[in-house]
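Down below is the structure, laid out as structure tokens.
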Amino acid sequence: MENGGDEVPENANEHCPGPQSESAGKSDACEGCPNQEVCATAPKGPDPDLVSIVERMATVKHKILVLSGKGGVGKSTFSAQLSFALAAMDFQVGLLDIDICGPSIPKMLGLEGQEIHQSNLGWSPVYVESNLGVMSIGFMLPHPDEAVIWRGPRKNGIIKQFLKDVYWGELDFLVVDAPPGTSDEHISIVQFLQATGIDGAIIVTTPQQVSLIDVRKEVNFCKKVGLPVLGVVENMSGLCQLLSELKFISMTDSGEQKDMTEWVIESMIEKAPEMLSFIAFSEVFDSSAGGGAKMCSDMGVSFLGKVPLDPQLCKAAEEGRSCFDDSKCLLSAPALKTIVEKLLSQLNVSRMEEGF
């Protein structure tokens with residue numbers, strides 16, 4: 001497959017504005033580039049690929065970007081479960097992974113080892129269900145451990161190619177899982193989709209200040225590029241686990257750990273069996289400053305809700321399955337369901353399937 005890098009030369013500087021830009025060959029990013037003179041003197045004009053993107057996206061009703069200020073906050077897990085949830089409501093859903101250097105979506109949808117196929121209509125997504133298709137560069141790698149070492153222009157090229165060459169058909173929702181931060185991929189996806197209409201972005205954070213500092217930057221990025229913020233999701237909002245699923249240890253005088261789980265469980269069964277149905281809660285991250293809700297209030301954006309750090313949700317993501325398919329995700333699944341319903345209400349979309 002072509003790499004989609006025709007927009008700019010592969011030997012261009014990082015942050016290249018593109019040869020069709022009015023600042024081509026003139027911006028600070030062009031200094032020292034071997035193509036500087038050619039770009040500065042080349043005739044400018046509208047990008048014909050943008051017309052192709054508009055045509056492709058004409059069959060997509062709603063486009064939602066999932067962003068995060070920093071890595072490791074569970075953004076891809078949320079994107080995957082949001083897509084599962086919408087598909088379970090009988091919507092037609094596409095999930096586009098533009099995290100070029102860290103494509104984790106194939107694993108989280110149970111699609112590792114799958115390949116992209118080409119038809120006369122374009123690239124075909126890989127399908128989890130008939131109404132849930134996925135596209136990721138992870139499907140193009142010869143080996144899952146292969147590193148993608150690309151500069152900005154080539155990343156931008158493959159994102160453009162995903163948008164103009166993938167045949168999604170009729171979609172109710174296209175969920176776009178972006179890498180963390182506010183770099184080339186984010187600018188590109190907004191620019192490429194702007195003419196097609198983007199509903200907005202969901203920003204995922206964890207409760208502590210070190211994450212919220214970066215989320216504030218993400219919110220400001222959205223405001224600067226004219227991207228509506230649909231809301232913020234506070235993920236890993238306290239560890240929640242059934243008491244019966246915990247392991248209990250004691251420390252010996254020498255500092256060694258001794259497993260006391262069996263003794264504790266037997267003691268509870270004997271003296272207080274009702275405790276086995278209790279849920280243990282612990283604040284893993286410091287939320288004393290108010291967490292995501294306080295940040296949203298300060299910045300005037302919507303707070304969609306909290307999702308606990310649920311080991312069963314982590315397991316579902318590792319196994320590439322929906323957390324809504326069984327009753328194992330006792331707290332995370334209802335929390336995610338509430339967030340999805342709030343999102344649909346905000347978008348004025350009626351749920352299609354009452355069984356979710």
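Any Cβ shown, glycine's included, is placed from N, Cα and C.
Now, the feature entries from TrEMBL:
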- CYS16, CYS30, CYS33, CYS39: [4Fe-4S] cluster binding site (BINDING)
- GLY69, LYS70, GLY71, GLY72, VAL73, GLY74, LYS75, SER76: ATP binding site (BINDING)
- 1-32: region 'Disordered' (REGION)
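Among the binding-site residues GLY69, GLY71, GLY72, GLY74, the residue whose Cβ has the fewest other Cβ atoms within 10 Å is GLY72. In this structure, the CA atom of VAL73 (ATP binding site) is 36 Å away from the CA atom of CYS33 ([4Fe-4S] cluster binding site). Sorted by the number of other CB atoms within 10 A, the binding-site residues CYS30, CYS39 start with CYS30, the lowest. Rounded to a whole value, the Cα-Cα separation of CYS16 ([4Fe-4S] cluster binding site) and GLY69 (ATP binding site) is 23 Å.
Separating the Cα atoms of GLY72 (ATP binding site) and CYS30 ([4Fe-4S] cluster binding site) is a whole-number distance of 33 Å. Separation of the C-alpha atoms of CYS30 ([4Fe-4S] cluster binding site) and GLY74 (ATP binding site): 36 Å, rounded to the nearest whole number. The two recorded residues, SER76 (ATP binding site) and CYS39 ([4Fe-4S] cluster binding site), show a Cα separation of 37 Å.
In this structure, LYS70 is the one among the binding-site residues LYS70, LYS75 with the smallest number of other Cβ atoms inside 10 Å of its Cβ. Within the same chain, residues at least six positions away from CYS33 ([4Fe-4S] cluster binding site) with a Cβ under 8 Å of its Cβ are ASN11, ALA12, ASN13, CYS16, GLY25, CYS39.
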